[in-house]
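K.L.:
Take a look at this one; I'll ask things after.
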Amino acid sequence: MKKIALPAVVAGALLMGANSLVAAMDGVVVRFVAGEVHPIGIVFFRNLASLIALYLLLRRRGFPLGIAQSSARAMHFSVHAIRAVIKLLALVAAFIAVTEIPLASATAIAFTMPLFVALGSVLFLGERFSAARVLSLVAGFAGILIVVRPGAATFQSGAAWALASAVGLAIVALLMKVSAEREDPLSIAWLNLLVTVPVAFVMALPFWQTPSLFSLALMTLQGIGGLFAQLSFARAMKLADASLLVIVDFIRLPIALILGLVLFGEPIRLEVVIGGAIILGAIALLFHREGRRRG
């Protein structure tokens, strides 16, 4: 039977859509398990499942230590470890946020990560403050204020945790920019998990709660899904333009709105929809202008 080859752009968009769906489900698992396992513990079990799944995948492709060794030669391991720990802390912050604020609010705030990358690139990497960047940042942070509503009676600390997570992931992206890393996504994921699993275990010890088999199964699926999301995102970025993928990724917000309403009875808040749309527009403008400038 003849195989039908999808155009690269379509394949990239489909991979990004799958990545967005898995990312939206991440918060659902945290919500279901958080009453039994501390968010730090969830991060540990999730990453442990990802590590085991990746190890099995690498075994099918050859001896995994070869990848770890080549990665270690390509960059100083301590720098990678710092990035991995920051990413771990950002994930912990994101999971705490999901337990305190609606799924849609946490999702909308998570979209701001590229804005913090753009701001950090200007402040710390000496990149130019173009008109498009200024407009994107102003619009994006206006969208944040609409979603978060600081000073309002409904403001929750979970919003601060979500922002902290976005900032942490932006720092990781900036560090990768500095190192000009071009390694294989499997290598990056392998080293990241080798660092974060033991660190997360130590962090989780003071809050240790042994999960039920059901919760353990959910976190195992979450870890496998997280690994798939990371690898599918990397592949999508190679197949399609980032300005398109960021728009496809926005399906996470309506998915989070629907899941929050159906599973947890969270009302659909107009300010989240409006603020999220503004953030999307700001990021789409940023990626579009940056893509044209580099092209």
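Including glycine, each Cβ sits where the backbone N, Cα and C put it.
According to TrEMBL, the protein has these features:
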- 1-23: signal peptide (SIGNAL)
- 12-148: domain 'EamA' (DOMAIN)
- 40-58: transmembrane segment (TRANSMEM)
- 79-98: transmembrane segment (TRANSMEM)
- 104-125: transmembrane segment (TRANSMEM)
- 132-152: transmembrane segment (TRANSMEM)
- 157-287: domain 'EamA' (DOMAIN)
- 158-176: transmembrane segment (TRANSMEM)
- 188-208: transmembrane segment (TRANSMEM)
- 214-233: transmembrane segment (TRANSMEM)
- 245-264: transmembrane segment (TRANSMEM)
- 270-287: transmembrane segment (TRANSMEM)
K.L.:
Which one, 40-58, 79-98, 132-152, 245-264, 270-287, has the most C-beta pairs under 8 Å toward the transmembrane segment (188-208)?
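P.N.:
Result: 40-58.
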K.L.:
By a Cβ-Cβ criterion of under 8 Å, what residues six or more beyond either terminus of the transmembrane segment (245-264) are in contact with it?
P.N.:
12-13, 16-17, 19-21, 23-25, 27-28, 31, 102-104, 106-108, 111, 114, 236-237, 272-273, 276, 280, 283-284, 287
K.L.:
Can you tell me which of 79-98, 104-125, 132-152, 158-176 gets the most C-beta pairs within less than 8 Å of the transmembrane segment (270-287)?
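P.N.:
When the Cβ pairs under 8 Å are tallied, 132-152 comes out ahead.
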K.L.:
Across the domain 'EamA' (157-287), what are the DSSP residue counts per state (helix, strand, coil)?
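P.N.:
Looking at the domain 'EamA' (157-287) with DSSP, the answer is 112 helix, 0 strand, 19 coil.
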K.L.:
When you scan the chain for residues with a C-beta under 8 Å from the transmembrane segment (132-152), skipping those not six or more beyond its ends, what do you find?
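P.N.:
Beyond its ends, the transmembrane segment (132-152) has Cβ neighbours at 105, 108-109, 112, 115, 118-119, 122, 159, 163, 271-272, 274-279, 281-283, 285-286, 289-290.
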K.L.:
Decide whether the stretches the transmembrane segment (40-58) and the transmembrane segment (158-176) have at least 3 CB pairs under 8 angstroms, with pairs required to be 6 or more apart in sequence.
P.N.:
no
K.L.:
Looking only at the domain 'EamA' (12-148), what is the mean pLDDT?
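P.N.:
It averages 86.
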K.L.:
Using a Cβ cut-off of under 8 Å, list the residues of the same chain at least 6 residues beyond the transmembrane segment (79-98) that approach it.
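P.N.:
Tertiary neighbours of the transmembrane segment (79-98) are 27, 30-31, 34, 39-40, 42-43, 47, 71, 106, 109-110, 158-159, 161-162, 164-169, 171-172, 175-176, 179, 191-192, 195-196, 199-200, 203.
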K.L.:
Work out, from DSSP, the number of helix, strand and coil residues along the domain 'EamA' (12-148).
P.N.:
118 helix, 0 strand, 19 coil
